[in-house]
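TrEMBL annotations:
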type	residues	note
ACT_SITE	Asp210	active site, proton acceptor
COMPBIAS	14-27	compositional bias 'Basic and acidic residues'
COMPBIAS	61-73	compositional bias 'Basic residues'
COMPBIAS	283-295	compositional bias 'Basic and acidic residues'
COMPBIAS	309-327	compositional bias 'Basic and acidic residues'
COMPBIAS	328-338	compositional bias 'Polar residues'
DOMAIN	88-279	domain 'SAM-dependent MTase TRM10-type'
REGION	1-89	region 'Disordered'
REGION	279-338	region 'Disordered'
Amino acid sequence: VSSEMLPACGETSNVERKQDISEDQGKNQKPGLGEGIEPVSKRQMKKLMKQKQWEEQRELRKQKRKEKRKRKQLERQCQLESNSDGGDRKRIRRDVVHSTLRLIIDCSFDSLMVLKDIKKLHKQIQRCYAENRRALHPVQFYLTSHGGQLKKNMDENDKGWVNWKDIHIKPEHYSEFIKKEDLIYLTSDSPNVLKELDESKAYVIGGLVDHNHHKGLTYKQASDHGIDHAQLPLGDFVKMNSRKVLAVNHVFEIILEYLETRDWQEAFFTILPQRKGAVPTDKACESSSHDKEFATAEGGLNSDSSEEENSRNEQNSPHEEKRDKENSTASTVNSVPQ
């Protein structure tokens, strides 16, 4: 019996031994799995936390958007009810009287600008288009020499430009389809000052954002082509801290405003940005005279105070001489080697 039992016991012990070995291998393999996982950095942890918060707050954001839409609808309804005097856009659009004046943005300076300035010009043109669409007296808007970097930038960032209304976008130069005698180039370097707008004329604005790298270029081009030129009467109404060079959209908007008000000063002060430091010329004269008076008074005070200081210095001079002598003797004593 004992001889039969021994093999059976041996088999069970072998099975147990194999199980123990497999368990040990499993334990040894577990750390191996952990070794392949890279430790998460603080930045990654923050990103994961933000992502989690974003997911958790999704419903809240949805609710806020709904509330915002409802609030805007209510505001619109209130405006429509309160605008019984014809102040809403639909009624304004009915009163629009289109001007026969042609306003051209000359885009033939494309090669003189870097991409950053091309993008700025694109934004200014967008602003001109939007303001002309809103204006009570919209002009005949032309965009000429359209191509190169500007067209490429518009194709990439503003594909809707092909559907723009009430605008003539042409790849040709303006001189190819408008008579020379009808053209007036608006440039701040011109000696001629514009007093009135002739609505039978075509006014050209140079589409150039150059940060004063090409001073007098538009004036030179107009002169070379034998085109009449003029500058807006800015100096007659406005005193500015900076040069009288305005952005494309500012010139465009000033003309639109003048067509509505027929008042240059009102047009300038409605459109010019505050950073230009524009003040009316009469106020500028008053302030300059006041500054002169203040300067002369201040000069008188300064002269009196200087006389007093001189007298004090004369009184203190003997004491200072004594101190200087004492300091010199002390320095000579200290300089003698021990």
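Each Cβ is built from the backbone N, Cα and C atoms, and glycine gets one as well.
Keep in mind that TrEMBL annotations are predicted by a computer and have not been checked by a curator.
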Arithmetic mean of per-residue pLDDT over the domain 'SAM-dependent MTase TRM10-type' (88-279): 90
Composition by DSSP (helix, strand, coil) of residues within the compositional bias 'Basic residues' (61-73): 13 helix, 0 strand, 0 coil
For Asp210 (active site, proton acceptor), the number of other Cβ atoms found within 10 Å of its own Cβ: 15
